[in-house]
Amino acid sequence: MEEVPQKIDFAGEESKILKYWDDIKAFETSVKMSEGKPEYSFYDGPPFATGLPHYGHILAGTIKDTITRYAHQTGHHVERRFGWDCHGLPIEFEIDKLHGVRTKEDVLKMGIPTYNQHCRSIVMKYSHEWEIVVNRMGRWIDMKNNYKTMDTPFMESVWWVFQELFKKDLVYQGFKVMPYSIGCTTPLSNFEASSNYKDVSDPACVVSFQTLDDEKVSILAWTTTPWTLPSNLALTVNPKMEYIKINDIKRNQIFILGKNRTSILYKSDKEYTVLETMKGTDLIGKKYVPMFPYFASDANMGGFVVIGGDFVTDDSGTGIVHTAPAYGEDDFNVCIANGVISRDQFKRPILNSVDANGCFTSDVTDFAGMMVKDAETTKQISIYLKNKGRMVNSANLVHSYPYCWRSDTPLIYKAVGSWFVRVESIRDKLLANNDKTYWVPDFVKEKRFANWLKNATDWAVSRNRYWGTPIPLWISEDGEEVVVIGSIDELERLSGVRVTDLHRESIDHITIPSQKGKGTLRRIEDVFDCWFESGSMPYAQQHYPFENKDKFEKIFPAHFIAEGLDQTRGWFYTLLVLSTALFDKPPFQNLIVNGLVLAADGKKMSKRLKNYPDPMEVVSKVGADSLRLYLINSPVVRAETLKFQEKGVQDMIKDVFLPWFNAYRFFVQNCLRFEKATNTTFQPDIKVALASENVMDKWILASCQSLIAFVRAEMAAYRLYTVVPKLVRFIEDLTNWFVRLNRKRLKGSNGDADCLAALNILYEVLMTICIAMGPFTPFFTEYMYQNLKKALPKEKQMDSVHYVMFPEPIQEAFNTRIEEAISRMQVVIELGRAARDRRTKPIKFPLKEFMVITENQQYLADLESLKSYILEELNIQNIVLTSDEGSFVVVTAEADNKRLGARLKNDFKKISPLISKLTNEQLREFQKTQTIDILGHELTSEDLKIIRKYNGETTNSEPSGNEEILTVLDLTVDSALYEKGLARELINRVQRLRKKSGLTFDDPVSMFYHTKEAELKTAIENNNDYIKETILFNLQFSETTSPSNSFATEIVSIVKDNDAEIYFLKN
């Protein structure tokens, strides 16, 4: 092994590792090495390359990389292919902005070939930047052999998927009200529409509809979408609700509205008189005068009539709903049910009064060409209604309203002709297949996703757009003959034309002769919703079923996928719909859902606000490993939100990587020292490690096996949120406990044999944790491994730590008894440190006594066997271990009020005061049995928490404790203890200066100190042996200050006025 430098630049070392991986083709080699092993299939959800990767992408990528690296290290062959989403609105929207495209006419004027070529030119706009980020984060994935949704083989498989659904009668053409994006001039699926809500202020109007049979009577309706009033065809009441006819005293008008809805207009019932009370059924069939004249002739087709619908309630509005079937889902359904419209009336003008751009058509003469959601349009409609005497009341309402996820413009609901996949008919299968999958965290599957599936509606998969996979439907002019094409070969067979590209410009002109004498069949204009393409990814990335048929069928469904919580209604959903429709199987077996990464202020990360640091700038400062560990050691891996803090990433260096590095460096340093001192070569031998009788050796080795067993079990359950904290805690145990408590042994203070045993233990643990942490922190583990492996025989050395299989636990090294004992020792030491901190007694100053009180005899026996460590760590002279709780401890109980209140209801008030009166004897018995009866109610350890309090004086003592033990620190200080504290602080300053000067323990130097303080000089003389034993040098007193030939000198203040100068001279 080679010497390790004193300091490390983590980011700099990572850059060297990247070059090394590139040189040895590490990823490619690892995949090749694992050929023939059991397959572990993984699907990578395709991102768009039109935007730069952000922390959400980095998080998901890190989770994917960690799991797939672990799968490789546990003996699997893991194909990892990157994918790109290339089609759809995100691409088209960029082109529309770039070229000023607003309407369909603009596209046709430009020409679809030119428009699509523009789209193609930006699809991979940031692919290079993506590759840089993915590579820099240490993610191993094949970005060269990627899949793209715009590639012909992928698109051909999408055609096959659609044809299969058509064969199963799961495809139909319909007329349906859908969320519609004015900004992108296309309908959206329900899951797209639910992804971007904003609180907005909209007009809320009460308007009156004059009844046809009595011009003095008007029916009142309430709406927040006055732009839909020109398309009104019905008024809907609830047949079971009560309604009233009233005389408005101030307005001198007669209105009909819900009996319980008068508050929408009136503050007092003195403002009106009730003329008649009626049921909703009494109103059904009543006709009224159209509010606008544009579609008055629709009265002859069953329009402008009161109808019944159960969705009407009396908790808002007037209890009567203005119904425009073309612009509301409930409106559409209730009008269908009541025969006001039918599904085949695609071209009825009143159902098409708003064009594709969100503007009124020429039929709506007063507002033709006006954008329906513009404020000016609302104003003009309001003026019209007031002039006609139909505006009864108007106000503004703040409510949550859907916006287009891509153009960020308000959506409208609009009836459109579309091609649908039947989802409602396979809901039960979707739920059954969802039950076969395993999600982390489980609540997302059981609650959020399952609830979404229960209410899933038929999926509109067609988009009247241009850059996408064309829907392969060729239809006769009368719509009677429909041909669905499932492959390029089939298209050639039926049309006589062979194509190599499947985009619109390549196939729109192709016609198919009718086989039923209906002339020529032409392709419909629509393309697929891009979610249909990404949902087809398991099949299309393999060009299934045209290629890789056997391969696909062996690895489907995927073992693992991972994406963000937002994909619950996106990719996770479309994957499940298509796999269920095609094969009645779930598309994946295991899924990790990550939460959202927010800015430090809890707001969404925004380029405009610049409220987050650039990811690559963070990585350039502290390295990718720190960012990886920060992200996957946070609640975000269990679908919770993370407020990103750059300090949190930096803390990973301070709290994890630097201590880990220092432990590794300390090992190498002392290994090389041992080799030099013994003139031997260190060769790690697990037998030597296992033979060690040292309790700390047994503990760290046992802990290491427990860790490996735990990681294997939890990784099998995909619980990163339990695994990573455990790994980090182990590194703390290794660095802050094992290494620190065994420094002298590792330096050889107990002889060569003991030193060799300690070095073997430390090597074994460092190498094990190095391999185990490989999937999580791939750079630093590689850095360490490249040096640590040099101690191994050549045949056991691998080119990369990531080629080494994940460790198996060593069964004979397990020792839960020792693990428990050391854990108890740690608790006691931490309680003692906390007591020192509270009373401002630094650890450098010795204290007289420390008492531990517990009735648990095994606990005391464990501490007795380890008391030398406790004495040293707490810097105390004596430890007292006693089970005499009666003399020192007052025991009380504290109730879990929330738990007991919910369970005991009214009896809790009677029981609560009795809990506080329980005696020491009762509570000690409760501790043994874990149960106690109070007024007939059995209380357990989950209901009561035991509190131990010290009953002695606390002027010169400081108690601490938990549910098991109580500790008391004696704060009395005598002169001998005070002097030892001074000596200890001087040692600390000498060691710091030695480190600062770059000295090792073997360097030939002399150490001196000079002081005029008699108190300090006496303290040093009285503790000379202790000082020499610790620093391994004789610290000599000098009558004078440091001479000119001293190469390191420092004036230090030991305590208060006790100053000293320490310096080193070369021998």
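Including glycine, each Cβ sits where the backbone N, Cα and C put it.
Between the listed ranges 99-103, 424-428, 604-608, Swiss-Prot ties the annotation motif ''KMSKS' region' to 604-608.
Given the ranges 47-57, 113-123, 377-387, 476-486, the record in Swiss-Prot names 47-57 as motif ''HIGH' region'.
A Cβ distance under 8 Å defines the sequence-distant neighbours of the motif ''KMSKS' region' (604-608), meaning residues of its chain 6+ beyond its ends; these are 54-55, 597-598, 644. Around Lys607 (ATP binding site), no same-chain residue six or more apart in sequence has its CB under 8 Å from its CB.
Per-residue pLDDT, averaged across the motif ''HIGH' region' (47-57), gives 86.
Taken residue by residue, the motif ''HIGH' region' (47-57) breaks down under DSSP into 3 helix, 1 strand, 7 coil. Secondary structure by DSSP for the motif ''KMSKS' region' (604-608): 0 helix, 0 strand, 5 coil.
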